[in-house]
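Single-structure report; data block below.
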Ligand SMILES: Nc1ncnc2c1ncn2[C@@H]1O[C@H](COP(=O)(O)OP(=O)(O)OP(=O)(O)O)[C@@H](O)[C@H]1O
Ligand SMILES: Nc1ncnc2c1ncn2[C@@H]1O[C@H](COP(=O)(O)OP(=O)(O)OP(=O)(O)O)[C@@H](O)[C@H]1O
Ligand SMILES: CC(C)C[C@H](N)C(=O)O
Ligand SMILES: [Mg+2]
Ligand SMILES: [Mg+2]
C-alpha cells in the first residue's frame, strides 16, 4: 500500500472531526471517498497533506511514517493536493500558479512539457495564461487548481471535489482526465459529492459519516449498495 | 442506516455540545459571577465604585501600590487622575477599534483637538484670550472634535484595514505638527494657565444690552490636589461607559460587528457601512475630545508634546493588552500600560526597556488580552487550538 | 497671493539643491521601505520594529569603522579611495548582518510564537511596538543616550552640476548623493529580481497570498518568513550605512520618525509592492524637501503626511497599488 | 544617580526637601547633569554641616520637555515637604510650569532658563541665578559683528521657548546683518532643506539658537556640503554632546553662554566638584550650586514652610560662587552681575575664550 | 408588526439584556413556534415576504443589452433578459460564460460598460450595495460569507436590520423604537431559522455550523432583508444528491413565500427540477432562453453546455 492511515483522530478546537479512521490507498489505484457534508472528507485530505495535525493515529506513505512530517516535505515525498476551495494564488498569473505546482521540482525541459500538457488538457487556461488567478471564473479556477496539482508530478494526487462548480460537460472531461492520469502511473485519492461518477471510476471507495468510515468496498459494489444509493445517489 | 436528517445533525449536535462545554470552561468566573443574585451583584458593583472613589486616600502597609511610596515617585492621586483620563480616551478609542474594527492609530489627534480647544478658548495666555470658563469650553471641544471626526472620517473611511491605519496615523501627526507650527496653538511652546473646572472669570457685554460678570474660583480644583480631577474623570468614565454599552447592544453595535467581520458582506446585507463607521468615528472623537478637555485643565499646560504618536500607539496597545471589545478589559489594559511605568519609576531610565519587554511577553502569553470580551476570547481560543492542531511546519 | 509669491521666491533659487537633496533622502526612505513592504506583503503585518532593525545597523557600521581605526573626531584625515571602499564594504556588511540578524531575532521572539497561536494581526502590532521600544531603549542605555558622530569617510566631491538656468541656483551633485541613489536602485533591482525570478521569491509571494495552499505546493512557510525578514534587514543595513554617510549623527531615538517616514513611503507607493517602495521613497523625499523649501523647514513633516493622505484619497492602495497582496476577494 | 544625598548619615531620612528639575534623561540630558550634580554637591555639603537640619534632594526629570514638566511640577507642589526647586533647567518647562508653582506658592530658582519673558509673567515664585537672553542676544550680536567681523549672518532656531526667544533677541541685535532665518523641528535629523537655504545665502556666520541634540547634526550637515562659514551657538550647545554629535564639524565653532567657566568660580567649587564627581564642572554647575545654596541657607536659618522660604529668597543678598546673588522684584539678578562668556571648540573640547564686554 | 406589543416574547427579553444565551433563544423560538401553531410556511409569509410586489408575471428585474469588458476580456456581450415576478429563473452556462459577472452587475458590484439594469422600474447601476438591498435584492455568495464570529441569530438579525431605523441616538436613549425593532429582529430570526431547518441553533457561532447549515443560514440571512428578488450563486455546490433534494424543496418554499428567485447552478437535475425558466449564457452572450423542457432539447445548449445527456439521467 502506498498510503496507509491508521486510527486517525483529528480535532478542530474542541470539536472532533475524525474518529479513528483507517484507510489505505494502493499503488496505481483510484480510491474514492464519499460522504455527506461535514463528514470529514476534507479533514482527512488535510491530514494527509499535513495541514492538520492528528491528535492520535499514524499516516505512512510508501512505508515511511509521515505523521509528523512538515507539509512541504510531504510534497517532496510525492503527495500533492488540489484543495477544496481551490486555493488559487489570486495575485499570481495563471502561469505562475502552475509553476507553483512545480515548486519542489527542478526547472527544465520536462517542466515545460508538463506545462504544455496542462494547457492541452485545459485550453481555457492557456488563453488566460497572463491573467491573475483571482479574476478567473469559479470553474476556471477549478481547472487551474487541478492543473497545478498535476504540475508537481505527484506519486499520490489528492483531489478534493474536483467537479465542484464545473459545467456538466467539463465534469465528464475531468473524470476522463483522472483516468488518464492514473493510467500514466499516478495514484489518486478522490473526494467527491458526485458519487455516481466517482464510484463508477474508482477501484475502491470508502463512505464516511460524521467522522468515521462506515463502509468500504470496490466502486462497483458500493454503486449498487442500496444504503449508499439511498443516501448519496439520490432517488433518481 | 439512519435517516439523512439524523445523520446530518449528529455532527451538529457534537459541535453544539463541544461549544457549550467550551463556553462554560472559558467563562468559568464569569458564569459564577452571573449566578450570584442580581441585588448582590449590584451591591458588589457599587462597593467597587466606592472603592475606586476612595482609592487616592487608601494606603495598605506592606502593599506598596501607591506611586508616592517609591523614590522619586509621583503623587498617587496625580497618577490616578492621569490614568483615569487615559481610561476615558481608551474607552472612546475602543468604540472605534474594538467595536467597529477600524484601526485608528491617530486617535490622539482628537484628544489633542479637545485639549487645545479648551486651552485656546480658556487660557488667558492664548492669543484669542477669550477666557471662557472650562464648563463652556467643554461643549465647544466636544462639538469641534465631533466635527473633526466627521471631516477626517468622510474621506478616509473608504480605505480598508492598514491603509486606514496609516492615514489616521498621518492625520494624527498632521494635527500635532500643525499645532507645533501654528500661532493660535503657540507653536512648540504651548499654552499655559488653562483654567480649572471650578473657576470663571467672565466679563461679557452681550450685544451691548447687558453685562454678564462672574469672577469666582471655588478652589476645589488646584494644582496642589489632583483628587478632584480624578473624581471628575471617574464620573465621566461611568457615564460614558453606560452610554457606550447601550449602543453596543443595539442595531448599531450589531452593524459594527458585522462590518468588522466582513464589510462587503455586511453592506450587501443592507448595512450602511459608511454611516455606521462614521458614527463610530464621531462618537470616538467626541469621547476623545472630552478626555482632552479634561486633560488640559488637569495639566494646566498644553503643548504638542502631550500628543505624540507613540502615545497614540500606546492607547491601541492598552486596548489590545486589556482585551479589545470588553470595556472592563480596556480599562484594565490602560491602567497597566500607564500605571506600571509610574510604579516602576525607580528603575529610572531602564523602565521603558522593561516596559517594551513586558509588552512582548504579555502579548505572547495572552494574545487575547488580559480580560477579553466573551466573543473575542472564544475567537482567540478557537484560533489557537486550531493552530495547535495544524501541523508544526505549516 | 502675496504669501505664495513670496514663498515661491524663497523656493526658486534652491530648487535644484532641493531636488537633489530630496532624491537622496528619498533613496534612504526607499531602502528602509523595502523592509516594511516585504514583511507586509507576506504577513500583512506592519513591522513597527523595523525602524529599530535599521537603527542597530547604523551603530554596527560605526562600531566596525571604529575597530578599523576610523572613529569620529579622532583627527584622522579623510581616507584614501582604497580604504574608503574597504570601510564602506565592511560597514555595509556589518550593518546588514546585524540588521538582518535583528530582524530575524524579532521575528523569532515577538512574532513566531504568535503565529503559532494564530493570533490576529493587531496583536503582532503590539509586540512589534514592544520590540521597537525595547531595542531603542536598550541602545539608549548602552550609549548613555548621547548622540554618536560618524567619522568623515567620504569628502563630498561635486561630480557634476545641474544648472537649469533661470533664477535657479546651479545645484552641484556630489559623489555621495549619486552613490546613495544608485545603491537604492541597485538594491531594489536585486530584491525585485530575486522575488520575481527565483524559486524562493515565488515561494514568498505564494505564502503572501495563501499560506495553506503554499504549504500544499511544498513551500516551507517558516523558512520563507525568516528569509523575508532577513532580506528586509539586509536592505535596512544598507540604508543604515548610507544614512551614516549622509546624516553623520545617530542617536538611539532616530528610528521612530525615520521608520514612520519610510513606512509612509511604502504605503505611498503601494505597500506590498517593491517598486512601490522605491517610487514612494523617492516621491516622499522629493515632495517633503520641496515642501520644506516652499513653506519653510518646519512644515517638512506636515508636507510628508499631507501628501500621503492626498495620494491615498485618490489612489486608495497607493501610487502603484499592492501586488504581493490579493486581487479579488 | 545616587540618592545618598537624602540621608543624613545614620539612615534617618530628613524632614525637608529641595528638588532639582531638569533633563536627567532625554535628548539633552547632558545639560541637566552638571546642574543636578552641583545641587547634589550643595546638599551633601549642607547635610554634613547641619545634620540636624538635613535635606533630601528630589530629582524631577522633565527630559527638557515642556509636556513632561507639568505633571512633575504638580507632584512637587503637592508634596508639602518640598520647600524649593532648583530649576526647571530649560525655558520651555519653566514656562509650562510657572503657573503651577505659582499656584502652589513654591519658590523656584532656575540656574539656566534664559527666556527673557519668564520673569514678566507675574509669577512671584520665579527666580533665576543667571542673566537672561535679553543680555545674551545682544552680546551674541555684538560679538559676531565686532569680534568675528561678520556681515552676513544666517539665524536658525528650534521653535522652542528658548530658541525663539534667543533668536528674536539676537536678530534684533544683528539687524541688517541677518541674511536668512529658518526654523527646525526638535528631533529633526535631516536638515537638507535648511542647508540648501544656507548655501544660497552664503553667510559668514550661522547662528543657531537651540540645544545640542539638533545643533550637532546641523553643524555637521552644514559643513558637510562644503560651505565655509563659522558656526556659532549659545549655551544650549555647550555640552560635550555637541561635539560627539557634530564630530569633526564641531571644530572651530564658537559657543556663547551666560555661565562662567567653572575654574573662574570663587572658592573651592571647581575642585570640590571634580573631587566628588571625577569630572570637571560643566555648564551652569556654578549657577546651580548658588541656587541650591539659597534654599539651603534658608533651611539653615530656620525656614520651615514655603511662605517663609519665598520671603527668604526674595530678601537674599550674598556672594555665591558665580556672582553676587540678589534678586530684583521680577526674580532677576542685577544687571551688573551678568557676564556673557564665549568659548572655543578646539581639539574636541569646549574651552573658555573671553567674556563679551 | 402591529401585534408585537402583546406577544409573550416581548416580555421575556428585556431590551437592555445582553445577547440572549442559547437557552433563552431556544425558549423564544419555542414560543414563537407555538404561537404560529405549526410549521406551515404560509404562516410567516407576513414576516419575510416583500411589502409590495408587482403582479405575478410582470418583469421585476430587466437586464438590457448589458456589455462588460475587463481589459481585453469581454465578460458580458449584449446580454438581454428579464426576471419576472414570482418565478424561479435559472442562469446557466459553461464555466467562464459570465454568470457570476452578470450577477455582480445586477447587484451593483460591477458597473456595466454599456447597457443598463432596471429593478422594479428603477435603474440599478451606480447605487450603493445597501441601497440595492433595501430596494429588495438579496444574495448569497459562491463562497460562503457569513459573519463567522456572530451567532446564527445575530447573522439573521443583521439582515433584518436592513429595514430597521434605530440609530445611535435611539440606541443611546433606549427610545421605544429600539426595543420594538430588537424584538422584531429576534422574532424574524427565530422564524427564519425554523424555516430553513436550523431551529434551536440560533445561539451557535456561524463558523461552527457544518457546511450545509452555513449555506442554509446564508439563505435565511438573505431572506431576513425581505427581498423581492433572491439571488443564489451555486447554492448546491458541494452538496450530495440527497442534500440537493432538500435544497430544491427549500427553494420552492421560498418562491411560495412570494419571493422571486434567480439561481445560478451547474447541477442540471436541480435546475431542471426547480426552474420555471432558464437563460443560457455562453462566452458572455445569451444563446437560449425558455422553459426547462425546451432548453433541455436545444441543440446549441447541448453542444455548448450539457453534452451527452448522460448526466441528467
Ligand atoms: N475550521 C474549522 N473549524 C471548526 N470546525 C471545522 C472546521 N473545518 C471543518 N470543521 C468541522 O469538521 C467537520 C468535518 O469537516 P470537513 O470539512 O472535513 O467535512 P467534508 O466531509 O469535507 O464536508 P464537505 O462535503 O462539506 O466538504 C465538520 O463538522 C465541520 O463543521
Ligand atoms: N476582473 C477580471 N479581469 C479579467 N477577466 C475577468 C475578470 N473577472 C472575470 N473575468 C473573466 O470573465 C469571464 C466570466 O467570468 P464569470 O465569473 O462571470 O464566469 P461564470 O459564468 O460565473 O463561470 P463559473 O461557472 O465558472 O463560475 C471569465 O472568463 C473570467 O476569467
Ligand atoms: C541649560 C540651558 C542650555 C537652558 C537654556 N538656556 C534654556 O533656557 O532653556
Ligand atoms: Mg470538504
Ligand atoms: Mg461563477
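Keep in mind that glycine also has a Cβ here, set from the backbone N, Cα and C atoms.
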Residues flagged as transmembrane segment in TrEMBL, choosing from C:20-41, C:152-173: C:20-41
Which stretch does TrEMBL mark as transmembrane segment, out of C:84-106, C:199-221? C:84-106
Closest-packing stretch to the transmembrane segment (C:278-296), where packing means Cβ pairs under 8 Å, from C:20-41, C:53-72, C:84-106, C:302-321: C:20-41
Mind checking which residues of the chain, 6+ beyond the ends of the transmembrane segment (C:224-244), have their Cβ under 8 Å from one of its Cβ atoms? 27-28, 31-32, 34-36, 38-39, 41-43, 47, 50, 53-58, 60-62, 88, 91-92, 94-104, 106-107, 115, 150, 179-180, 183-184, 187, 191, 194, 200, 203-204, 207, 214, 250, 258
Same chain only, please: residues at least 6 beyond the ends of the transmembrane segment (C:84-106) with a C-beta under 8 Å from a C-beta of the stretch. Say none if there are none. 35, 47, 49-50, 52-54, 56-65, 68, 70, 128, 131, 135, 153-154, 226, 229-234, 236-238, 240-241, 244
Winner by Cβ pairs under 8 Å against the transmembrane segment (C:250-271), considering only C:20-41, C:53-72, C:176-195, C:302-321: C:20-41
Long-range environment of the transmembrane segment (C:302-321) - Cβ separation under 8 angstroms, sequence gap at least 6: 261, 264, 267-271, 273, 275-276, 279-280, 283-284, 287-288, 291-292, 295
Using a Cβ-Cβ cut-off of under 8 Å, list the residues of the same chain that are 6+ residues beyond the ends of the transmembrane segment (C:176-195) and lie near it. 20-21, 23-24, 27-28, 30-31, 34, 38, 154, 156, 159, 201, 204-205, 231, 235, 238, 242, 245-246, 274-275, 277-278, 281-282
